[in-house]
Amino acid sequence: MAAESLPFSFGALSSWELEAWYEDLQEVLSSDENRGTCVSPPGNKEEESKSFTTLDPASLAWLTEEPGPPEVTHTSQSPCSPESSQSSLAQEEEEEDQGRTRKRKQSGQSPARAGKQRMKEKEQENERKVAQLAEENERLKQEIERLTREVEATRRALIDRMVNLHQA
């Protein structure tokens, strides 16, 4: 069984990105466990392990989406107030479901195929970038060689001039 690489490296995430991912994960876990009610994060290891074992795979569908900047979904109301938690979570879930069905209809592919297609497109884009950088590198090498020859010629001319001045 081969390990699949992550879409990002651990060193590339800033602290605010990690915090946003953590908050998103807590929201998903709390909405799945309590069917939309807001709870505080689990306090002990037993509760944490229970929350991970009771997850519905559909609640983790956000993991298959393309990584990008985290969306800000905070409102001015307190996050655990009954009015805001139930209505905003329901609205967010509805919007996410509509967005996913639109994406699937537009692409005409399953999420796994769309993910593979994105990976293939990214790989092709990376190959194009490598080719462009190789061309630029070669051009810069030629420019360095030209400038080196020019500096050597100028240096020789300067030395000749200084020698001729001392002889005269």
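Heads up, the Cβ atoms here are built off N, Cα and C, so glycines get one too.
If you look up Swiss-Prot, you'll see 10-18 marked as region 'Interaction with TRIB3', on the strength of similarity to another entry.
Summarising the annotation, Swiss-Prot assigns region 'N-terminal' to 10-26 and lists similarity to another entry as the type of evidence.
As annotated by Swiss-Prot, phosphoserine applies to S14 (among others).
The feature phosphoserine is assigned by Swiss-Prot to S15 (among others), with similarity to another entry given as support. In this chain, none of the residues that are 6 or more apart from S15 (phosphoserine) has a CB less than 8 Å from its CB.
For S30 (among others), the entry in Swiss-Prot reads phosphoserine.
Residues or ranges marked as phosphoserine by Swiss-Prot: S31 (among others). Secondary structure from DSSP puts S31 (phosphoserine) in a helix. The Cβ of S31 (phosphoserine) has 20 neighbouring Cβ atoms from other residues within 10 Å, across all protein chains displayed.
Swiss-Prot lists 31-141 with the feature region 'Disordered'.
Taken from Swiss-Prot, the feature compositional bias 'Low complexity' applies to 76-90.
Swiss-Prot lists S78 (among others) with the feature phosphoserine, giving similarity to another entry as the kind of evidence.
Here Swiss-Prot flags S81 (among others) as phosphoserine.
Look at Swiss-Prot and you will find 98-161 tagged as domain 'bZIP'.
A mean pLDDT of 78 is what the model gives for the region 'Basic motif' (100-129). The annotation region 'Basic motif' is assigned in Swiss-Prot to 100-129 on the grounds of sequence analysis.
Look at Swiss-Prot and you will find 118-141 tagged as compositional bias 'Basic and acidic residues'.
Per Swiss-Prot, region 'Leucine-zipper' is recorded for 133-147.
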C-beta crowding around S30 (phosphoserine), within 10 angstroms: 21
